[in-house]
Amino acid sequence: MSKFIINPSNSMYGNLKIPGDKSISHRSIMLGSLANGVTKISGFLEGKDVLSTLKGFQNMGVKIERNSDNVIIYGVGLNGLKKSLVPLNFGNSGTSIRLISGILAAQTFDSELYGDESLSKRPMGRVINPLVQMGALIESNDGKLPIKIKGGQTLKGINYDLPVASAQVKSCILLAGLYAQGETCIKESILTRDHTERMLKGLGYRLDTNKNKICLTGGAQLNAANIQVPSDISSAAFFIVAASIAPQADITLIGVNVNPTRTGIIDILKLMGANLSLSNECVIGGELLANIRIQSAQLKGIRIPKDLVPLAIDEFPAIFIAASCAKGETILTNAKELRVKESDRIQVMADGLSILGIENEVFEDGIKIKGGVFSKPSSTIKSHHDHRISMSFAIASLRCHYAIEIEDVDNVQTSFPNFVELANQIGMNISLVSA
C-alpha cells in the first residue's frame, strides 16, 4: 500500500496535457473488438481499469497490440468472440463489467465475471434486470459479483425506461441490442454521457435519437475506424478545481473532452464564480475538444441544480473541495448514486472534510458543505481505495497550511497513472510513499 504526503503550495502555473478519456478508452476497445477490420486508437489511457477491458477481450480471442498510448485492434466482428479459458477479472472497473455484460449476454458461450473487493460490493442488478428482460440467463451473488452468464440465448429488443441516470446501464442495453431481434429503445429522464452512441455512429451503426430516447435495431455490423481519444475531463477536474482555489494560478489544459454530457463540472464551477474559459474548440471523432484556461477565483456556495448532477457524477469529490473553499454553503441533493461508486463518496468525503475542519451535513442523497479554512489535519485521511477521493484531498493542499497525508492511494493508477508527475510539474508538492 502507498500513501500521499502533500506539503503546502499556493500557486500553479503552466500548460498540461491530461491523459486520455477513460470512458472513451473503454468503449474503443469494446467496439473495436466487435468491428470488422482493423481499428487504430491514439491517446489511449493506460490506466488499470481500461487495461482490464483490454485483457478481457484478449482472453476472448481478440488480437490487440499496444505501444504506449497507441493501440491496434484486429476486430473479430459481432460474432467472432471466443470463450475465455479463465473467468474474466475486471479488477476495480465498474464500466468494464457492466458494459461487457451486455455483450456476453448474447454470446454462444458461458462466461464468468468477477472483480476486486470494492467492485464486488457494487450493484449489478441494474444491468442484470434489463438483460433478463431481453432473454439473458444470469446468475449473481444477490445482485452483486461474481456473475455467471449463460450462453446460447436469443435476445429480443425491449423498450426500457432507465430507473437511474446511468450511462453504464444505458450502454449495456445498447450493446446487447446490437445482437437482439428487433428494435431496442431506451428512454432516460435525465441526460447522461453519450460516448457509446457517438462511437456506434462513428463505426457505421445506425441509431435513432430523439431528445431523451435512443433506438437501434439489431443485426447490422460495425466497421473499423481510427479513433483519437481526447483528454479526460474527469481527470482534468482535479486541476480545474485546484487552479480555481489556489491563491495564485493560471493554467491551461490542452485538448480536453468537452462533450456536453460531461461538462457539468464546468457549469457548476462557473455558477460558483470560477474564472475559466474555453478556446480552440474542435470536433474530432464525433467528440468536442477544447483547451481550458483556469485562473484563481473567489468561489461562492450554491445549490447545485438537479439537471447537472448526472453530468458531473464522477467529479463531485473534487467539487466538494471547491465547496470547502467557497464563501457560504454549497448544497447537493439528488446524488444518491455517489454512495455506490468505488466508495460511498458522500460519507467518505464528509469524513475527510471533517478531518480538515470543514463543517458538513450528510443527507441520504447528498451533502451540505459550509465553506471555511482548512485546519491542521486531525488524522490521516482514508481514501477507502478510491482514486477520486485520493486525488481530491491532494488538491486541498493548495489551501491548507499543513501537510496532508492520504492512505491507500494505489488506485490512482486505475484512472490517472501520472497524476503526481503532472501535479508537481505545475507547482504542487506531492510525495508518493510506500507504506
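Backbone N, Cα and C define each Cβ position, glycine as well.
In this structure, Asp314 (active site, proton acceptor) belongs to neither helix nor strand by DSSP; it is coil. According to Swiss-Prot, the feature active site, proton acceptor maps to Asp314.
Cβ environment of Gly94 (phosphoenolpyruvate binding site): Leu119, Arg122, Gln168, Lys341, Glu342 lie under 8 Å away, each six or more residues apart in the same chain. According to Swiss-Prot, the feature phosphoenolpyruvate binding site maps to Lys22, Gly94, Arg122, Gln168, Arg345, Arg388, an assignment based on sequence analysis.
Contacts of Ser166 (3-phosphoshikimate binding site) defined by a Cβ separation under 8 A and a same-chain sequence distance of 6+ are given as Arg126, Thr192, Glu337, in order along the sequence. The feature 3-phosphoshikimate binding site is assigned by Swiss-Prot to Lys22, Ser23, Arg27, Ser166, Gln168, Asp314, Lys341.
Within 10 Å of Arg388 (phosphoenolpyruvate binding site), as judged by C-alpha distances, the recorded positions found are Asp314; the full candidate list was Ser23, Arg27, Asp314.
Taking the Cα atom of each, Asp314 (active site, proton acceptor) and Arg345 (phosphoenolpyruvate binding site) are about 10 angstrom apart.
Of all the binding-site residues listed (Ser23, Gln168), Ser23 sits in the most crowded Cβ setting, with the most other Cβ atoms within 10 Å.
Within the same chain, the residues at least 6 positions away from Arg27 (3-phosphoshikimate binding site) whose Cβ sits under 8 Å from its Cβ are Leu99, Ser171, His195, Thr196, Met199, listed in sequence order.
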